[in-house]
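Residues annotated as coiled coil in Swiss-Prot, with sequence analysis given as evidence: 633-758, 963-1159. Taken from Swiss-Prot, the feature compositional bias 'Low complexity' applies to 25-48, 77-101, 348-360, 627-637, 917-932, 1181-1195. For 54-75, 129-139, 1169-1180, 1243-1269, 1340-1352, 1457-1470, the entry in Swiss-Prot reads compositional bias 'Polar residues'. According to Swiss-Prot, the feature compositional bias 'Pro residues' maps to 292-301, 1367-1380, 1389-1433. As annotated by Swiss-Prot, compositional bias 'Basic and acidic residues' applies to 809-864, 892-910, 933-951, 971-1006, 1052-1087, 1099-1127, 1134-1146, 1277-1286. Swiss-Prot lists 1151-1163 with the feature compositional bias 'Acidic residues'. The domain 'EH 1' annotation in Swiss-Prot covers 169-257. The domain 'EF-hand 1' feature in Swiss-Prot is assigned to 201-236; the stated evidence is sequence analysis. Marked as domain 'EH 2' by Swiss-Prot on the basis of sequence analysis: 458-547. Feature annotation from Swiss-Prot assigns domain 'EF-hand 2' to 491-526. The annotation domain 'WH2' is assigned in Swiss-Prot to 1437-1454 on the grounds of sequence analysis. Under the heading region 'Disordered', Swiss-Prot lists 1-157, 282-305, 343-377, 614-641, 794-864, 886-1087, 1099-1470.
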Amino acid sequence: MYSSSNSFLGGVNNARPGQPPFMQQPPYSQFPQGQQQIPQQTGFQPQPAGYGPQSASHLQPQPTGFPTGQLQPQFTGFPGAAPQQQQQQLGGYQAPAQQPQFTGYPPQSQPPSLQVPSTTGLPTRLAPRTSSEIANSFSDGAGVAPPPPPKSSGSKIPNIRLSFITAQDQAKFEQLFKSAVGDSQTMDGEKAKELLLRSRLPGSELSKIWVLSDTTKSGQLFFPEFALAMYLCNLRITGRELPATLPDKIKNEVSSMVDIISFGVPDTEPQASARTNVPSFDAPLLENKSAPPAPQHPKPQQPSNAQFLSQLAAQPTGFGPQATGLQPNQPSLLGANAALAPQATGFPGQSQQQYLQPQPTGLMTNPQATGYNGPRPPLPPMPTGFGSNLSSMQTGGLVAQPTGIPGQWGFVNAPSSGLPNIEALKQQLMPQPGREGGFTTAGLSGNASIPWAITKEEKKIYDDLFRAWDGFHKGFIGGDTAIEIMGQSGLDRKDLERIWTLADPNNRGRLNMDEFAVAMHLIYRKLNGYPVPNRLPPELIPPSTRNLNDSIGAVKSLLSQDAENRKASGAFLQPQKTGVSYLKEHSFRGGARSPGFGRKDATLFKNNDEAAAGYRSSARRRMGNDARPSSPAASQASEEELSVEQLKKKIRETQIMLDAVDFNDENRAEEDEVLDRRDRLEAESLMDRTRRVQDDIDTHPNAAFRNLDNGAERRALRRQLQAFEDQVPQVASEVRRIEREIADAKLELFRLKDAKAHPNSAANIVGTGPGGTVTEADRIKARARARMQARAAELAGRPVPASVDDDGAAARRLEAESTSIRADREKNEAMTRDVEESVREFTRSLEDSLKEEGETSTREHERRRWEDALGVEDVIRDFIYDLQRGSRTAHVRKEEESRASEQRLRHEEPSAGVSRLSPAPSAGSAGSLPGSTHEDRVAAARERAQRRIAERMAAAGLKPHTDTSETLLQRQEREKREREERLRQAEEEDAKREQERQRRLAEEQRSTSNAPAKPVGKKPPPAPPSRRGRTDSAGQAEVKKAAEETVTAEQAAREQAIREEQQAQEEETNRLEMEAQQREEELLKEKEAQEARLRALEEQVRQGKIRKQEEKRRKEEAERLAKEKEAALAAQRAEIERAKERERQLQLELEGLDEESSSDDEGPANITPEDSTPTQSQLLPTVTPAAPVSAPESEQAGSPEDTSSQAPPVGFSSETESKNPYFKITHQAADTQVVSPPPAPQPNVTSPRADVHSTNPFHRLAQQESSKPVFTGSAPLERKSRARPEADDDWSAAGSEFDSSDDDDDERPGGGSAKQLASILFGTMAPPRPLSAMDDKSPSKSSTPVQDSPVTSLPVPEPNGSLSAPAAPPPPPPPPPPAAVPSYDSSVAPPPPPAPPMAPPMAPPAPPPGPPPPPGPPPPPAPPAAGGPPTPAGAPDRSALLASIQMGKGLRKVQTNDRSTSSSAGRVLD
């Protein structure tokens, strides 16, 4: 029965050498092998069980062990390995799963008598062994070499694609990295340096590359870091700059891959060997598809004896319930240990000499070995008892060992020394009263070796913490509580944030028990010096999360597969016809083998009417467990008692009931037919309404917009947009290349020009440096060449060429030109970037507009149903196809009408001749474009673009370029042919549709004509019909069936015709699409050519405009300079002449003062005619400058202020008096603030004239100076020049001592010597009228030698002053402007007429306008009136008068003060 079991125990018949029994313990003793081994024939190895050497006579040998041929070995490992063999033991001992068995004496202090000297033969190997090694230790070691250590698989690089390099480069880098590092995971610095130096980059660049690549700062490079270094080297080699910091995307990719490599554990599992009796621990785990890798221990542990012992599972050495007891011949000499009795652990009922090997247990002198007596194991024996050399070990402290997959929770090799500081951490984090007051983190930190996975003890501590804080048993801990717990660890806030992120992957804001354990474990690792990982390693993923993710993935896969199946079978359109079951199954792995497979559910239920049966008495409820009761006896008796008459009566009643049922059925059939006809009529009416609505939609003006949602067109437009978007970078790069070439050409052209302009300059040196730069060697060669040329010229007698230019000047010129070229290039580059950005934004907007928004599965289903006629009846399908054909026909017609109207508009547009209204037709046509086809829109866009180009070229004065590829007539002919073709197709479709409609109407009429006959022939009379009616109904049914067959045949024929028509339409549609695509390509080519020509023309226009502007600016500059020079010369000459005339006039006046004795009253009356006549006579020789005044006259005539036409010249002349811009600004400000009427209009009128050309003050001043020579030689404006400086009262008070007196005179009228002098001066000029008039102008000119510019105002008032000045004062109501005008016009306006003949007639009317405005009298009469009484005092002040006349300002001040005293002047005039 057990004959074959020995093959698994390594015996003689063992067919698997090298595979010992699982977990068998070899003997261990301090004695030689010869003394331990007792010859025996059993199949077990002797096994010590007990203490050291004792007296052999004290204990009775106890037989233990099993017979070789009848007993199976006992398994103490994983319980699921050999369950059948364990069940075959006859009442034997059953080892409980995972239950360690102790075969020695419990640990206690050992008396000295038991001490045994340690042997020297103790094996020194204490390293842990795997289960395979322990199993191999039981086999024969002769000729069987120990298994070789697993070969290193080399550096493992994760199969992760780096986005910043290509796949080919990554493969090359992987090969290079593996060849450089061998079996290591990292590349040391020296090897990396050797590889990086091959790039021949400078050391500074390689240093930057190393700093950026070594992300871990470890002095070594992982593969992703090495790939990053290669990528950066490639960047630098290609000429691009290195980034200061790595982009976040690259940094995250490199860090993630480094973490994956760091967390990875090499797979050291040996190869699968032949099947042995060793139980397979992986069998129950085969279904786990996502087993995590083995955990990586940061620091390897040196296993201890306790660990070694704990890895060995004890074996039962016999059957448990066996008789034990002391043998009668055993003396009690054990002392305190006398209670231990030898126990019989063998198989009772067998001869000890035959089957069992004696095995003493308890205290004995020589431990006897039991077990298999086979070949010696190749490994040292393992101790299983309390040996003398292990006296210091405590065998009681055995640690439970993992029996699952490494890396799972609670199954990790904990450190031998335990987890330090874990209890302190627990006490620190436990909820305590008064913890708010503060806490200390002392004693929490350390440097212990902590694995990635969570041990059982650690998990238990964390669970206790969780339960302690989860007082309400919610199953989770909130964020606030977690902050309080984790904050007591003393870690930084950033580390705690990262730990929380890792522990709460779903971002729920709370932690369950497993997630809390993960957080605490990470905190514990951080306190012991381990960094917080960037991502959670597989060992720390909670089982609940892992299982949930697997479940979710399985559900998703099931749903996706179900959706794919339904989509492929069309189940989502007709769910009841697919046979797909929608019953919810609770098993993810059941599939077709699940118990519920094949059974029908409610989603597929269909009632089987034929299976329905009538009443069965056997289906009644049975009473109790008895058999079916018999029918009631009463009914049997009643049936037996019925007579013949009663039976006949029952038959008649039954017949009546059957006839009534037939009648009801026929009535119901009629009602159903009526309802069917009504429904059919309603459906037809609905279809008619639908047709009418569709026709209204097709004929509506805005019907074109509904075609915008065409999916095919959207996709075509998206593809076209993508093609254009792909061309943008190419065009931009081409533009940049052309810009570089232009810049280089400009620089080279400048070098050539500079070399031609400066022959001996250093600019003609040809640079040999990078980029054509001139190096120092080039300069040295050029200087040497120049010296040689100079020597050659000296020897030849030629003059030595002098170097008029040095190296610095040439370099500066070249640098300036390079800077300007660079600036232009940067500006163009910025424009290019702006264009790219705008194109990108426009592309994004187009993409957003082309996206199919709101496209859900329900909407897709409905659209396919009603637009593609899927999942509907045949009648509805035909109706939908009919509507689509009608829509296409109407669309073609509308398109032709819109095109015809557009052509009419285009023909009418040029005839109208209005270029500005041209966009209106294009806007109108654009409104109808969305409804038209793609080709029409392209053609319309091309036409609009050509029209805009023609308008721009016409505006620029260029002749538009006509496209010679296709003339207008050819294009019109082609479009006409296409239009006729489309009309013909539309008419054919209309004819087909009409024929179909007529055929359908004829069929309906036939069906309606046949339909009434059926109910007439079938409807019976009201009386109960006979049974014959059933045969008639059967005949009618056959007729119906024949009619249905004919209808079906006709319908099949119609479907075939419709199908052929659809195929023909599809072929026609494909042909039209191909033609449209060809036309579109042709149009695109034409558009590109047109755009190229347009760009060239625009560039020519722009260059022409620039040249014209440059020429115009140069001409204006030359004219302005010439005018300025001419004006300056004319002003100087006029000033000299005025000074001479003024001086002569003053001399004559002084002589006249001595000779004249006229009264003061006569002076004012005679001054006005005296001033007017000589001024006119004086203007005769100076009329020559009147010609250039036409421009100012036209400007002044066009000014809005015509009423004060004479004020502008005054202001203009006053402004040209000073060339200081600050004085002009202050003077204008003072003029605007003066309250007196005369100066008010001057700045107001002057400022608009100055602003006509430019707002720049310097430009305006230049214009004023350029107009100076136009107004030279005007004598009568010298009084105006005296009146002008009154605005300078407060600014030029330091001019002379008379200015202060003038200021006083402003305050008190009639006082001051200046007024007296002026009255004396003007009074003495009365008798010699012509002479005094001429002298009056000369002294006035000489009195203003510095401010000569008032003369320039002369020509301007001549035309305006002679005609409009006298009429200007009376009309305007406001006093200030008229006051200013008559104040000048009464005395000065009559003198300056443009022509001498006009002056005498204009002189007499001048006094009449003077009296009406008393507030504004003429300035000359006013001083004598105000200073009339003190006139005699003027004689002694002649020297002061001359000084004031020479000063100029004082004399003008007098006149200004006289104007302010308008009341006295009015009295004098009266």
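Each residue, glycine too, has its Cβ placed from N, Cα and C.
What you are looking at is a predicted structure, and each value in this text was computed from that prediction instead of being measured.
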Proximity of the compositional bias 'Basic and acidic residues' (1052-1087) to the compositional bias 'Basic and acidic residues' (933-951), 3+ C-beta pairs under 8 angstroms: yes
Helix, strand and coil totals (DSSP H, G, I; E, B; other) for the domain 'EF-hand 2' (491-526): 25 helix, 2 strand, 9 coil
DSSP-assigned states of the compositional bias 'Basic and acidic residues' (1052-1087) in counts, ordered helix, strand, coil: 36 helix, 0 strand, 0 coil
Same-chain residue ranges lying at least 6 outside the compositional bias 'Basic and acidic residues' (971-1006) that approach it to Cβ under 8 Å: 882, 885-886, 888-889, 892-893, 895-896, 899, 1050, 1061, 1068
Secondary structure tally of the compositional bias 'Basic and acidic residues' (809-864) (DSSP, helix then strand then coil): 50 helix, 0 strand, 6 coil
Per-state residue totals over the domain 'EH 1' (169-257) - DSSP helix, strand, coil: 60 helix, 4 strand, 25 coil
Residue distribution over DSSP helix, strand and coil in the compositional bias 'Basic and acidic residues' (971-1006): 36 helix, 0 strand, 0 coil
